[in-house]
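Notes for the one structure printed next.
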């Protein structure tokens with residue numbers, strides 16, 4: 001009996017060793033596949049960044065920010081009018097889109113929550129988050145540009161705001177839901193009105209996260225080209241009149257990159273590098289703000 005028991009124990013131990021060895025082998029395979037996938041993604045990202053920096057650094061100069069876009073096949077020039085136009089479009093899109101997104105997020109997190117209107121709003125918001133930007137551009141073209149019978153900066157502002165609103169809504173709702181309900185209950189116990197509780201407690205506690213979402217939304221719309229092709233278009237002149245077509249970086253880069261002129265192509269690469277740096281800085285700033293909030 002003792003011999004049989006010893007054999008059974010030895011067989012059991014051998015079976016366990018085989019299972020553990022197979023588990024370790026599967027773990028190694030999964031780790032290798034994960035590392036390979038990560039390196040594959042990093043390879044393309046580094047390649048894109050390297051190409052952008054090496055080809056765009058030559059065009060980075062003071063003239064890029066002080067001179068207007070040049071005529072075809074002309075040396076010199078810059079992107080001053082396109083930079084100013086993009087800044088104006090992003091500014092007004094943020095001014096319009098941010099309050100709408102924050103107010104909608106407050107309703108979803110504090111008032112609606114499980115109501116049918118909140119569910120419908122979340123569903124539509126999810127569709128807008130995943131919708132291609134060109135669809136938004138065509139929509140604004142149909143309801144604004146076609147009705148006005150001309151392109152305009154305001155049409156571009158509306159298109160960019162529509163792209164920004166869903167991000168701000170989602171971020172605001174998620175950040176407000178992270179605030180403990182005990183804080184709300186304590187405020188209600190003191191007789192605080194709901195609007196006062198929201199403004200003084202929940203919004204104050206989640207302001208860093210909401211600000212992070214706003215910065216990420218700005219980074220999202222900063223490089224959008226498709227909506228602006230159908231709305232604000234572009235021009236070669238210095239203009240701040242949003243009732244007319246206005247120069248902007250994404251469309252200018254697209255036009256210059258597709259041209260056969262080397263001078264325009266160099267300016268296009270410089271514009272790409274400028275947008276890349278701006279988006280990178282916005283993402284870093286958003287992460288810093290969110291990290292401070294966590295600590």
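In case you wondered, yes, glycine gets a Cβ from its N, Cα and C as well.
Note that the structure is a prediction, hence the values are computed from the model and not measured.
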Among ranges 65-85, 149-169, 170-190, whichever one Swiss-Prot labels transmembrane segment:
149-169
Return the stretch with the most CB pairs under 8 A relative to the transmembrane segment (88-108), choosing among 29-49, 126-146, 198-218, 266-286.
198-218
Positions whose Cβ lies under 8 angstroms from the transmembrane segment (266-286), at least six residues beyond its ends:
49, 52-53, 55-60, 64, 69-70, 77-79, 82-83, 211-212, 215-216, 218-219, 222-223, 249-250, 252-253, 256-257
For the transmembrane segment (149-169), sequence-distant contacts whose Cβ falls under 8 Å of one of its Cβ atoms, 6 or more beyond its ends:
85, 88-90, 92-94, 96-98, 100-102, 104-105, 108, 121, 125-126, 128-129, 133, 136-137, 139-141, 210, 213-214, 216-218, 220-221, 224, 227-228, 230-233, 241-246, 248
